[in-house]
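Accompanying notes for the structure given below.
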Amino acid sequence: MAQLLTIEDLRLLAKRRVPRMFYDYADSGAWTESTYRANEADFAAIKLRQRVAVDMTNRTLASTMIGEQVSMPVALAPTGIAGMQHADGEILAARAAARAGVPFTLSTMSVCSIEDVAQNTDKPFWFQLYVMRDRAFIERLIDRAKAAGCSALMLTLDLQILGQRHKDIRNGLSAPPKPTIANLINLVFKPRWCMGMLGTKRRSFGNIVGHATGVGDMTSLSAWTAEQFDPTLSWDDVKWIKDRWGGKLILKGILDAEDAELAAQSGADALIVSNHGGRQLDGAVSSIAALPGIVEQVGGRMEVWMDGGVRSGQDVLKAVALGARGVLIGRPFLYGLGAMGEEGVKLALDIIRKEMDITMALCGKRDIQDVDASILVKGKA
Ligand SMILES: Cc1cc2nc3c(=O)[nH]c(=O)nc-3n(C[C@H](O)[C@H](O)[C@H](O)COP(=O)(O)O)c2cc1C
């Protein structure tokens, strides 16, 4: 096997090991994928200032996100059906995150359930909530996250209607997946993945099946999810959820300064500048391009984080330099997971940590708390 030195190396290995349907589900964006591409390209356009002859000893990346200690300001983003990239994927990713000293976020649309992840890990994690029409189900989900000891609730605001991903339609991605001949043949070439799946019972939406009224199996699930994302979601609902939860609240999916203003007024603890990894509004600006304006608008009233397009430690530093208190990664850890399970996620985090550490030093900084716009070449932000 080639040496695995970059997130791109992990992507290529995941592509070999994960069935095409699930690999494509991760590695795709909405419609023309222009926003998906812009997320990465806009990071590449930002240039760092190289500094020399400054003391580079005793460096630290340690920080806090909503008051929680983190070994570096990077968290694992909520991703649906991570348990299809690798058997028991959410549990493995949560364990890797805990070992690396960074937060893990469990999606509403996970394979392993909230209770399952809590039972199989030692560290509290964050729970991401989608607002469904069935409000009684939402109330139960919030209560379950509380009972499982989740230390923050992350409310996603940018997916009440689904952006279309052509690859998912062409691949027949549904619940349950379409057993087309092409899909079945593809499985023959993924023996490692198949063995993993045969060895686990976790193969459906753990937070939903058996918990939502009328959803007892995969067939009823498909119909339920298709109609449940609630397009009437409003800031009143945000308030209702904040009160019902009563703990730390993170709002995910803000890309516009006007929405950031409303988010700041909502009393939430953090917002995430995000376009859902280019999976929703195709044609929207990249997250890194939206970040500075939102940081300015919020003016310190809450923490501002970002996600989308982070593929290296250099990218994390650029986001921190532009005012992000923290950064989330989605695909980078999914590639690690698909490539090598728990060790792959740990490797993805180690790769990013090392890149960040050395890059910070080469920019003349020793402490992530001192990283600001002075490490960037002016005019490129
Ligand atoms: C395969 C996949 C599934 C996702 N599922 C969810 C989800 O269930 N809930 C959510 O809030 N965001 C979800 N997202 C968006 C991520 O949380 C995050 O915003 C995005 O992946 C960041 O971009 P990046 O992948 O370039 O790091 C998903 C992203 C991917 C790639």
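Any Cβ shown, glycine's included, is placed from N, Cα and C.
Taken straight from TrEMBL:
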- 1-381: domain 'FMN hydroxy acid dehydrogenase' (DOMAIN)
- TYR25, ARG165, HIS276, ARG279: glyoxylate binding site (BINDING)
- 78-80, SER107, GLN128, TYR130, THR156, LYS252, SER274, 307-311, 330-331: FMN binding site (BINDING)
- HIS276: active site, proton acceptor (ACT_SITE)
With the glyoxylate site defined by the record as TYR25, ARG165, HIS276, ARG279, how many Å span the farthest pair of C-alpha atoms? 13
Taking the Cβ of THR156 (FMN binding site) as centre, how many other Cβ atoms lie within 10 Å? 21
ARG279 (glyoxylate binding site) versus GLY80 (FMN binding site) - Cα distance in angstrom: 12
Tell me which binding-site residues (GLN128, ARG165, HIS276) have a Cβ under 6 A from ligand 1; sequence order is fine. GLN128, HIS276
Taking only C-alpha atoms and a 10 A limit, tell me which of ARG165, HIS276, ARG279 are near THR156 (FMN binding site). These are the binding-site residues. HIS276
Same chain only, sequence gap of 6 or more: which residues have a CB within under 8 Å of the CB of HIS276 (glyoxylate binding site)? THR156, ASP158, LEU159, GLY163, GLY253, GLY308
Which one of these binding-site residues, GLY80, GLY308, GLY330, has the sparsest Cβ neighbourhood, judged by other Cβ atoms within 10 angstroms? GLY80
Mapped DSSP class for GLY330 (FMN binding site), helix or strand or coil: coil
Taking the Cβ of GLN128 (FMN binding site) as the reference point, list residues of the same chain whose Cβ is under 8 angstroms away and which are at least six residues distant in sequence. PRO78, THR105, LEU106, SER107, THR108, LEU153, MET154, LEU155, THR156, LYS252
Cβ within 8 Å of the mean position of the Cβ atoms of TYR25, ARG165, HIS276, ARG279: remaining residues of the chain near glyoxylate: SER28, GLY29, ALA30, GLY163, ASP168, GLY277, GLY278, GLN280
When you rank TYR25, ARG165, ARG279 by Cα distance to VAL310 (FMN binding site), which of the binding-site residues ends up on top as the closest? ARG279
